[in-house]
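According to TrEMBL, the transmembrane segment annotation covers A:16-37, A:49-69, A:89-109, A:121-139, A:154-176, A:188-206, A:218-246, A:258-277.
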Amino acid sequence: MGEYVWFHDVSWHASYAVYFFIIGILAGLSFMSYGSWITPALRPLREKAAYGSMVLLALGGMLLIADLSQPLRFFNVLNPAYLNFTSPLAWGSLNIVAFGVCSVLYILELRKAEDSARGKMLALVTALLALGLPVYTGYDLSVHQSRPVWNTPIMPVLFVALAVASGSAVGALLTGGNDAAQKVLREYMLWSTGAVGVILVSILGTTNYGGSAQELTFIIMTTGTMGMIFIGVGLLAGTAAPVALLLAAHVREQQTGLMLSAVLILVGSAALRYALLMGPQQLQTLY
Amino acid sequence: MSEELRVSPIETRGIAGKRRFAMVVDTRRCIGCMACQVACKAEYDTPLGVNRTWVPYKVVGKYPNVKRQFLPRLCNHCDDAPCVRNCPVDATFKVEDGGFILQRYERCIGCRSCMAACPYNARFMLPSHRTYTPITNVVDKCTFCFHRVSQNLVPACVQTCIGRSRVFGDINDPNSEVSYLVANNPTQVLRPEEGTKPHVFYIGADRNATEFGRDAYHKPEVMEPERSAFKRNFKI
Amino acid sequence: MEMPKVTRRTFLKVSATTGAAAAAAPRLLNAMEHELGGKDFGPVTGAERKAIPINCHVCNIQDGAIAYVENDRVVKLEGNPEHVSTRGRLCAKGNAGMWYSYDPDRILYPLKRVGARGEGKWKRITWDEALTELAGKLDAALKEDPNTIMLKYGRNRSGGAVDRFMKTLGSATVVNHTSVCESSKKIGMEPTWGPDIETPDFANAKYVLNFGSNILEAAYFHNPLSQRVTEGRVDNHMKIVTFDVRLSNTAGFSDEWVPVHPGTDGAVALAMGHVILRDDLQDSEFIETWTNVTVKELKEHYKQFTPEWASKISGVPAETIERIATEFATTKPATLFTYRGPAKHLYGSYNERSCMMLPIMTGNVEKKGGYCLPRGMGWPQPSPEPGKPKKDSYLAHPTEYPLAGHKVSHLVPFWIADGKQKINVYFTYQDNPVYTNPGAMAVWGKLFKDEKLIPYLVSMSPFMGEETALADLILPDCPYLERWEPESMPNSLWPWLGIRQPVHKSLGESRENRIMMRDIIWKLDPDGKRGMKQFWNFKDGEDYMRHHFDNVPGLKEAGGLNFLKKHGVWPIYGKLNPKTGKVSDKTGREIKAEYGLFKKELSAADMAGTATDKNGVITKNGKAIGVKRNGKNYVGFPTGNRIINVRVDKWAEYGFNPMPTFKRIPWHEAMKDDELVMVTFKLNVMKQSRTAAVKWLAEIAHSNPMWIGTSTAAKLGIKTGDLVRVESKVGHLVTKAYVTEGIHPRTVAIPTGFGHWEYGRLATLKLKDKKSEASHGADDPDLNNVWWDDKGVHPNNIIPVVADPIGGSQGWYDTVVKVTKAGPNDKYGDSQGDWEKHYAAYKETMRYAYTGDLHRKMHPEMASWAGPGSVKHHEGGGH
Ligand SMILES: Nc1nc2c(c(=O)[nH]1)N[C@H]1C(S)=C(S)[C@@H](COP(=O)(O)OP(=O)(O)OC[C@H]3O[C@@H](n4cnc5c(=O)[nH]c(N)nc54)[C@H](O)[C@@H]3O)O[C@H]1N2
Ligand SMILES: Nc1nc2c(c(=O)[nH]1)N[C@H]1C(S)=C(S)[C@@H](COP(=O)(O)OP(=O)(O)OC[C@H]3O[C@@H](n4cnc5c(=O)[nH]c(N)nc54)[C@H](O)[C@@H]3O)O[C@H]1N2
Ligand code: SF4
Ligand code: SF4
Ligand code: SF4
Ligand code: SF4
Ligand code: SF4
Ligand SMILES: [Mo]
């Protein structure tokens, strides 16, 4: 009104954040499942985590494909004549497909035999491919060098940390009542959430000291609704609070504190993914 | 140093025997008439809500010393285009002869990675309704009017430019008007820090208008109702 | 890293959609600059499109254009590169003109009203039913008095057909819209130097004064003149200074924007003249030779207009006036341009004359880079021609406004209500006073709803405009892309003739206007016995055009109409040079304009049989054809005495000041602190009432918040986006505020073109509504993408009528308003005008007419005038 303006849509909408969230959890669960081969305390999680990650993969895959404007062309990504290896999405698609195949083999193996060497091997491969998922999603953002926050090289690491945190949080919820497992998971949650916190603080700090685009993105991410989601829900309630709770849970009533932290971590990591995805896109809609 | 170090193997600027099309936008001549924007809409039957080119403006200064600045915008046909690198299926590509960055609509999966990659917001998703063109639900962008240029016509926006603010041509040809303008005027490109090597050159653009400024965030509230209407109502 | 080469090597590998175009593309010739148009190819198909030269008529500037047709649909419009004024370019509106044709709500069949007037209930009838009914009404009216048949048009590019129609009926009741347009500018100019407009040579000027014209967005002639303004400013380093009450795009582009208080340009211009004459910077030789005053008289007259005096009235600092006056007078060549800013006031004619005095006294007239006469071309009318109607019509030539040669159309509803003239049948053609006039719905809506005052209302229109919505019968005319029309406009320094021709068969049962009028006449006079049919002996539109163009000397040899059908324009002065964007002749050099038209000497043949009077006026057969100066016989200026009349004696006969002068608007002088002046203005992408349904334009501009200055808004506690209540003496409206640095603090401004309550579903943003029975156009799926939901608020209901007692022009920019934050009961979009109050405003404004009681009070300097009784009755009209 009054002035001629033009408006741009953001590139990626909130559904993509849900996808990030799901893929993070499923990667985390795959780590847990593999962890059960090494840490006996996690043994009760092995099947649950493997199945859970399969279900989530199906869900996430569907979400991802539905989010394409041309869902039926998803197979173009797998067409070797089309594949463009400079795109993280191309790698990501291969990674997802490979992960899916390995997950199926792994589950088949789990149904066939207990504790087989092949099972352990498949668990390892699946977990490695699972690691690729948060790495590629993080990479998917960080290749966008023109977007403040996204363009930090630490994005993949942040996404791995988030995956471990949310995976172990889901693990903690799945293993309710099992003290041994919970003890291990507490460590995972504590360290990964701590790492998330440290990474975010350093990203925020450097962002605020960049040029005007960075500075404006900082403002966008720390004020208004976006600030509530990012700082309030993501950083304070979803990162700082669970870390504090977990530290405290060591001495006091383990169970509730732990479960509460797990829930907080999940809520927080969802909020963080939303804010990290949407926040840095706002500036360009104004430009 | 005799050997030129080139980052991208498909760069076409300054390479003998190759054309490299470019546009010069002389903002001193831009009167903000919007003819370019509408001509481009007509040329491509571009749907409402999206644009291949657009002309934003700013009112700067304090009464009575006030000015109006226009900054016509379009795809920069970057020589080092992040959108190309970021497309998983090679649907976005560069035409080596001329430097056009184009789309293969029938291949595009609509993942929007190229939109996220473009530092200039030059790409958009086509909505599912159009007047008569059957291409929908894929990403689209300015083509530098490839189909006209290859018929030896200037792009549609250049053709109609009332202020003759937009000039188009082969910047590898030292005799072209764009070469002349770029050689004889101080020019700038948008967001050079991105290293994309844009091929839309601006003469007389105020750096305060071309850079993100604080007012990009403290947008004149004047835009707010419009912006929220757009967010609310424009559904792809 | 090596990029995989895959398929990106050459464009021949570009696939399917872009590929089709690419495959057809020949290899580019190296180092060849690209052509600036004249051809077009489909981006998807790659196929060349059919090119049909036409003349743009989205607005009234008349740019030469080409329509490109694919599958019988116009898909692209482009400027005609052979057109000397347009030079291949079109403005935003011109580029979108096909949406007039493809408006989904276009009316394509004759419609008869079935509900109450304005209720929106229509019945589709056949042409024969429509014509029979209409002929019945016309017959009855003709029996009573042909003058009871009235036709009012807005745009009329029929090249004489509309007048022929009314003359055929024998009615003189023909009214146009010019009094709401720029008529006081015309009336200021015509008696002074002949034509009603100037052609400033911007491309070659070094200094430009622009008084209240928004060339870069509107004005006559936006597109061609804007091209020359940018050329002058960037290539020729000219300086341009714009006087406007707000920061238009033109003001924002100018080297200097000088904000003025509305209605005071005349004072500023006079003060500049004062400085020039005081400092002896005038061109004395030009004044003495080519005007009807001496330098001494002029100096004497201008003494009173000091910069301090003007500064107090206009708010422009005296130093600024001094500086700009000196710069203007000492920089050569210099020119001046005005449009509606100075003219649309109570004494707009005085303002215009004061402005045009500046290039005249500095001798910049008809010089390269100066202030040039318009260059136009005419064409013959088909014969036989109907004669003049027997009786004159009051509405067409109101006696109180004898100098208003372009009529006083905005007072017509009051005169009809007062019973000045009886109307039986009212035709409306390309005119929408219900929206575009002062009082809008409150005045014209009231008139048209009154079946006693307007018993039968016929609209010839393809669109359901606000006026058409009140009609009894709608005859579907064709939009410009489906009409045959002759064209010429003085929009550059080169004269030209052009045509409009249909690009495809007219859609539905629409008939172009001249054919529709022919059919009405044929119905009235089927066998020619009434003597009407003889004037309408045309097979079709093309046949009619042949009568215009097949016998124009020069064009005839080139092929007459056939030449125009092929090229759209004649003559073709040269080729558009892609390197320069200018027209080059055969040698590759830019074509040169002819200057000094008034100094053309009369040939011996011209002189044969002439007489020269003591003032040097050369007459032949009772008509002045030239003037003798310094022993030479020149053609001079197209005025009665062939020179420039700085003193217009005819004005003095009616008690008006014959010399350049200024009158302050009395109610502006009496303005209280909390009152502001409300002006309106045009935006580059909107064309009065007719573009709101053009989607590409509506997308760019669809709402019209009220501009208000930062300091004024702060005082009132108003922020951008706030609802405000704007109250004038005739009504009030509620709209949104836009707070800006770019406006005079005593002014608020609302752009026109928005806030429609008719004109189809897009203009009214009722896209979810079912198509009405009146709409027959093809649906456009793209309208699903409309994202804006604000259609704006139209200001005209609250603008009272004001009539310039000289020029008859509406004082659009004289409205005093009070602005407050909206109250709890105010709703966005409220707009109320009151007939009684508008009627009172009409009575009030007629007190300024030469017959009114305030006339003398406003002209103390004319004390010796003997009063209205002293005026011998002149026939109205004139110039
Ligand atoms: N885009 C577009 N172009 C058009 C048209 C259109 O509707 N849209 N219409 C065509 C027609 S019919 C016409 S008549 C012309 C009109 O063309 P213009 O006269 O150029 O345009 P307007 O907007 O009517 O008024 C010109 C300016 O006068 C200013 N103004 C108001 N009061 C004053 C005053 O007291 N002094 C001064 N100095 N300025 C003042 C307004 O702010 C505005 O910027 O445009 C033609 N071209
Ligand atoms: N507030 C305010 N009001 C203004 C102005 C302003 O600046 N501010 N400007 C004034 C000026 S300068 C002018 S000239 C007038 C113009 O006033 P008008 O002449 O009344 O307005 P237009 O909008 O040009 O068109 C009038 C009608 O023509 C019809 N029409 C459109 N195309 C066609 C066609 O192809 N064929 C036929 N038969 N009919 C068609 C439509 O119904 C349209 O409503 O408005 C004046 N009104
Ligand atoms: S401007 Fe954007 S879309 Fe255009 S080439 Fe550069 S990165 Fe790609
Ligand atoms: S949206 Fe289309 S063009 Fe863009 S990156 Fe995805 S596949 Fe490529
Ligand atoms: S070059 Fe062509 S596609 Fe690009 S903005 Fe101009 S007209 Fe549109
Ligand atoms: S057409 Fe030319 S002058 Fe007009 S807005 Fe576009 S770039 Fe500016
Ligand atoms: S100014 Fe624009 S709308 Fe008017 S005639 Fe010219 S191109 Fe057409
Ligand atoms: Mo007008």
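Sequential numbering from 1, following the chain as shown.
Quick reminder: no glycine exception, Cβ is built from N, Cα and C everywhere.
Bear in mind that TrEMBL entries carry predicted annotations, made automatically and left uncurated.
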Quiz item: Among A:16-37, A:49-69, A:89-109, A:188-206, A:258-277, which stretch has the most Cβ pairs under 8 Å to the transmembrane segment (A:218-246)?
Solution: A:258-277
Quiz item: Do at least three CB pairs under 8 A connect the transmembrane segment (A:188-206) and the transmembrane segment (A:16-37), leaving out pairs fewer than 6 apart in sequence?
Solution: no
Practice problem: Compare A:49-69, A:121-139, A:154-176 by their Cβ pairs under 8 Å to the transmembrane segment (A:258-277) and return the stretch that comes out on top. | Solution: A:154-176
Quiz item: Restricting to the same chain and to residues at least six past its boundaries, which positions have a Cβ under 8 Å from a Cβ of the transmembrane segment (A:121-139)?
Solution: 20, 23-24, 26-27, 30-31, 33-34, 36-37, 50, 53, 88, 91-92, 95-96, 98-99, 102-103, 105-106, 109, 155-160, 162-163
Quiz item: Under a criterion of three or more Cβ pairs within a distance under 8 Å and sequence separation of at least 6, are the transmembrane segment (A:49-69) and the transmembrane segment (A:188-206) in contact?
Solution: no
